[in-house]
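A.B. asks: After the structure tokens below, expect a handful of questions from me.
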Amino acid sequence: MGEVNKDAVEKYLENNPQFAKEYFDRKMRAEVLGSIFQVSPGDVKEGVSFKDMSRLEECNILFELLTEIQDEAGSMEKIVHKTLQRLSQLLARDRCSMFICRSRNGIPEVATRLLNVTPTSKFEDNLVNPDKETVFPLDIGIAGWVAHTKKFFNIPDVKKNNHFSDYLDKKTGYTTVNMMAIPITQGKEVLAVVMALNKLNASEFSKEDEEVFKKYLNFISLVLRNHHTSYLYNIESRRSQMLLWSANKVFEELTDIERQFHKALYTIRMYLNCERYSVGLLDMTKEKEFYDEWPIRLGEAEPYKGPKTPDGREVNFYKIIDYILHGKEEIKVIPTPPADHWCLISGLPTYVAENGFICNMMNAPADEYFTFQKGPVDETGWVIKNVLSLPIVNKKEEIVGVATFYNRKDGKPFDEYDEQIIETLTQFLGWSVLNTDTYDKMNKLENRKDIAQEMLMYQTKATPTEVESILKYKEKLNVKSIEECDEKDLIRILKEELPDPKDLELYEFRFSDFPVTEHGLITCGIRLFFEINVVEKFKVPAEVLTRWMYTVRKGYRDITYHNWRHGFNVGQTMFTLLMTGRIKKYYTDLEAFAMVAAAFCHDIDHRGTNNLYQMKSAAPLAKLHGSSILERHHLEYSKTLLQDESLNIFQNLNKRQFETVLHLFEVAIIATDLALYFKKRTMFQKIVDAIEKMETEEEAIKYISIDPTKKEVIMAMMMTGCDLSAITKPWEVQSKVALMVANEFWEQGDLERTVLQQQPIPMMDRNKGDELPKLQVGFIDFVCTFVYKEFSRFHKEITPMFDGLQNNRVEWKTRADEYEEKMKVIEEQKKKEEEAAAKKAENAAGGGGGGEDGKSKTCIVL
């Protein structure tokens, strides 16, 4: 057999391709092929195509790519670069490129990331740095069109394609003939566009090339999706941390917007991913003072023609806070910044404040609209590269400031995710302004309240002259100032001016205030405190007691019934229940002191209308207090008086005693709300039942006095008894008081009819005034009888009140019956008249026009 040479073998294999394939598949060892193809990208042999590669070779390449993907240390760009190198080799194309898709200012775009990748090119040469990017909107270039349509394109001749742009060819000196382009997507979002340019040894890319291209693009897709998911995770992590920490600091500082912004922005600096950022705070003044307008109106000054915010304010940054994060961290605060400050000179913050737009600029110094400083802005040598500026908008949609962020740390321009995360931050900061605004409003309201209280005190508080009309120290002690007087002398001369309680029947349940002047009632009130022996025991200054009593009298409005006379009567009845009714034995002197004082104050500043009217009319008191509206107002008014040291009759008590007094004031005054009466009367009845079964007085005293709750229940019922006590007075007094009460109710009814456009209930309807006796009987039976009957059981000394109530019921019942009889007669008369009229009408209709007797006047029936 002859020698077989190389040429003969090669010729045989070419003529018998099926044999060659079977032989190589069966005989060629994997180690040999592996040694051929396991080479670095730089050593890849030119011209090796997918056709020339076995499955084993393909597996080796795929394994290598998977190894690169698995290596977490490798960057996304490096892995994609290696994949594109393999594709360049396999597809026999001249080069590959990758464009990254992103959005800025809400506009999508594509930017060069890997350019002109060949099987032997270096990564550093192919990677496009952020400052050298070429950016296309989606309506220019094939890459943009692919990103827009999200479709694969195989273009045999780019010059015949309407979307082709030769901008990059001119910039790089390259000539593009044909290409394949495919989008890399995640869901509906386009992440990148990969392009294969200029098929070698052919005029266009084949169907087989398309399959290979799409096949290996799965690796790039996997890498990009993994990178994008990681990036989104980082974004959300930063967003949550920013919101968490900014919320923490925002709610730490509620007093001042500058401190609030500063604390929040400084705390989250590590999550902002930028080299520097600044916050410009805008002046919130909408209207100039009138004296600032005068020069303009007189023509001495030009009106403002500069930029204004959307709500019409002049754009005026009153402060800039500059946060430097590169190099040594530093914070600069620039109050009243000049117009040529580097933060403002570009005009970008002013533009954002004027229009409220988000501005994202990738190459700021080259921008033609804004004049950014091209060189270093300060001594640190730092220069502006890219900028993201956003308005800070509060809940009223007013722009309160502008936040500007400079130079993303990785050198890339800010993208849509940076916009979103920082917009979330600025929105939160804008909304948090509500906290400081609310705090400021609360402060103003508090200050207004203090001023109003001061004005009220000035008008209500007893003047020195009024105090001197009772406490005549100048006349009797021959001094110019009360400070010169000894307290014992003041007590002595005060007692001399007070009436004798027996002369005025202050100890009697039948006491009437009608013979006494309102000024005289003030001295009577002071006398009651001396009678329960609390003035000297608790060291109440004579001047303070006199001023407080006079001020309480002035605190009552001049209305029909709930005036000072009613207030005094309730205080006198409380005194009588304690002393004459002998209930004082259950209470300490301090408690008795507080109870009488609270009784005097219980209706102070009453408006002449009830709680229901306050709610119907949406009065401020109804908004301030949810329940027992007027009673809580009387309580707050009383406490306000005690806050003034010159009116505080409890000023010499210790802290615990004073707290006890305030608590008793609350229980006593709130208890006058009749809506609470039905809740407490069962409890009071049980106490009375228990007392009746006790054999000795000492046992009863112990049963009540050691239990604060029982004492409070009794005190609450005492306040109800005092408040309604006018109905127990002698008939001559009670009938007059009842008319005053009715008149006040009718006045409220008139208001309901005219102001609220509502029909009042019968008790408040002036047109039903004749029903007053009937209403009084119903009120006595439904409310009053239980109170005084139980008190007469509780202490027989209180029986005169129950007797007075019963006598008055007889009087009202008599008048109610008379009214009923009168109404019955009227109804019967009215009924007769109606029947007569009906009969007359019937006769007229049925008589055929006859006379009154139903007979014809012209015809006689024989």
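Quick reminder: no glycine exception, Cβ is built from N, Cα and C everywhere.
Because the structure is a prediction, the values reported are computed rather than measured.
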A.B. asks: Which one, His566, His633, His663, is listed by Swiss-Prot in the same divalent metal cation 1 site as His602, Asp603, Asp723?
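C.D. replies: For the divalent metal cation 1 site that includes His602, Asp603, Asp723, Swiss-Prot also lists His566.
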A.B. asks: Report the candidate from Asn116, Asn154, Asn161 that shares the 3',5'-cyclic GMP site with Ser97, Asp169, Lys170, Lys171, Thr172, Thr176, as recorded in Swiss-Prot.
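C.D. replies: So, going by the record in Swiss-Prot, that would be Asn116.
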A.B. asks: Identify which of the binding-site residues Asn116, Thr176 has its Cβ surrounded by the largest number of other Cβ atoms within 10 Å, counting every protein chain shown.
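C.D. replies: The largest 10 Å Cβ neighbour count belongs to Thr176.
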A.B. asks: Mind computing the max CA-CA distance among Ser97, Asn116, Asp169, Lys170, Lys171, Thr172, Thr176, which the record assigns to 3',5'-cyclic GMP binding, rounded to whole Å?
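C.D. replies: Taking every pair among Ser97, Asn116, Asp169, Lys170, Lys171, Thr172, Thr176, the longest Cα gap is 16 Å.
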A.B. asks: How many other Cβ atoms are found within 10 Å of the Cβ atom of Lys170 (3',5'-cyclic GMP binding site), counting all protein chains shown?
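C.D. replies: Cβ-Cβ neighbours of Lys170 (3',5'-cyclic GMP binding site) within 10 Å number 10.
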A.B. asks: Near Asp169 (3',5'-cyclic GMP binding site), how many other Cβ atoms are within 10 Å of its Cβ?
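C.D. replies: Result for Asp169 (3',5'-cyclic GMP binding site): 13 neighbouring Cβ atoms inside 10 Å.
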A.B. asks: Can you list, in sequence order, the residues of the same chain other than Ser97, Asn116, Asp169, Lys170, Lys171, Thr172, Thr176 whose CB lies within 8 Å of the CB centroid of the 3',5'-cyclic GMP site?
C.D. replies: Leu115, Leu168, Gly173, Tyr174
A.B. asks: What does DSSP say about Thr176 (3',5'-cyclic GMP binding site): helix, strand or coil?
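C.D. replies: SS state of Thr176 (3',5'-cyclic GMP binding site) = coil.
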A.B. asks: In sequence order, which residues at least six apart in the same chain have a CB under 8 Å from the CB of Thr172 (3',5'-cyclic GMP binding site)?
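C.D. replies: Counting only residues 6 or more apart in sequence, the Cβ neighbours of Thr172 (3',5'-cyclic GMP binding site) under 8 Å are Leu115, Asn116.
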A.B. asks: What number of additional C-beta atoms lies within 10 angstroms of the C-beta atom of Asp603 (divalent metal cation 2 binding site)?
C.D. replies: 26
A.B. asks: For a three-state summary based on DSSP, what are the helix, strand and coil counts in the compositional bias 'Basic and acidic residues' (830-842)?
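C.D. replies: Secondary-structure composition of the compositional bias 'Basic and acidic residues' (830-842): 13 helix, 0 strand, 0 coil.
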A.B. asks: Tell me which of the binding-site residues Ser97, Lys170, Lys171 ends up closest to His562 (active site, proton donor) in space, Cα to Cα.
C.D. replies: Ser97
